[in-house]
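Residues annotated as 5-amino-6-(D-ribitylamino)uracil binding site in Swiss-Prot, with sequence analysis given as evidence: W22, S56, Y57, E58, A80, V81, I82, F113. The (2S)-2-hydroxy-3-oxobutyl phosphate binding site feature in Swiss-Prot is assigned to D85, T86, R127; the stated evidence is sequence analysis. Annotation source Swiss-Prot lists active site, proton donor at H88.
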Amino acid sequence: MQRIEATLLAHDLKFALVSTRWNHLIVDRLVEGAELAFVQHGGKTENLDHFLVPGSYEVPLVARRLAETGRYDAVVCLGAVIKGDTDHYDFVAGGAANGILNTSLHTGVPVAFGVLTTDTVEQALNRAGIKAGNKGGEAVLAMIETANLLKQIER
């Protein structure tokens, strides 16, 4: 059996980041973690384009348009949806997750779900680099590996 694994090198990769303005104090940390991970793994900042959208519900449409351009090896979606007292959380979080997944499957371009879905602001901050690592950086690493694996499959 042949085992195929991808590298975590971003030297030849071009990524799009889509992040939300909503909950920007949290999301800005995710973006910083994403950029740091990309550069630490050999990516060049000029190969990382950053697009800002109002909120998580707008992320899938912009991600899909970016994926359809063919200019990007992967799209990384970053945001934070924090539960409140209404059902709004369920609709926004579920819509964003489904839209991002459908974008990846429809376009064949890897699209990362780096949208935090938490009960509290504290939980979101922890996942944005305070205590529990940085989910923005983790999303970029997953996309580096996936994009490189797809390149191997396409050879």
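Each Cβ is built from the backbone N, Cα and C atoms, and glycine gets one as well.
These numbers come from a predicted model, not from an experiment.
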Cβ atoms near A80 (5-amino-6-(D-ribitylamino)uracil binding site) (within 10 Å, other residues, all chains): 28
Residues W22, S56, Y57, E58, A80, V81, I82, F113 binding 5-amino-6-(D-ribitylamino)uracil per the record - widest CA separation, whole Å: 16
R127 ((2S)-2-hydroxy-3-oxobutyl phosphate binding site) to V81 (5-amino-6-(D-ribitylamino)uracil binding site) - Cα separation in whole Å: 12
Rounded Cα-Cα span from H88 (active site, proton donor) to Y57 (5-amino-6-(D-ribitylamino)uracil binding site), Å: 11
Binding-site residues compared (V81, I82) - the one with the fewest other Cβ atoms within 10 Å: I82
Cα-Cα distance linking H88 (active site, proton donor) and I82 (5-amino-6-(D-ribitylamino)uracil binding site), given in Å to the nearest integer: 10
Inter-residue C-alpha distance, A80 (5-amino-6-(D-ribitylamino)uracil binding site) and H88 (active site, proton donor) (nearest angstrom): 13
Proximal but sequence-remote residues of the same chain as W22 (5-amino-6-(D-ribitylamino)uracil binding site) (Cβ under 8 Å, at least 6 apart): P54, G55, S56, G79, A80
Between F113 (5-amino-6-(D-ribitylamino)uracil binding site) and H88 (active site, proton donor), the C-alpha gap once rounded to whole angstrom: 19
Reduced DSSP assignment, Y57 (5-amino-6-(D-ribitylamino)uracil binding site): helix
Rounded distance in angstrom between the Cα atoms of E58 (5-amino-6-(D-ribitylamino)uracil binding site) and the residue listed as 'active site, proton donor': 14
Candidate with sparsest Cβ neighbourhood (10 Å radius) among H88, R127, the listed recorded positions: H88
Where W22 (5-amino-6-(D-ribitylamino)uracil binding site) sits in the secondary structure, as DSSP reduces it to three classes: coil
Fewest Cβ neighbours within 10 Å, where candidates are the binding-site residues Y57, F113: Y57
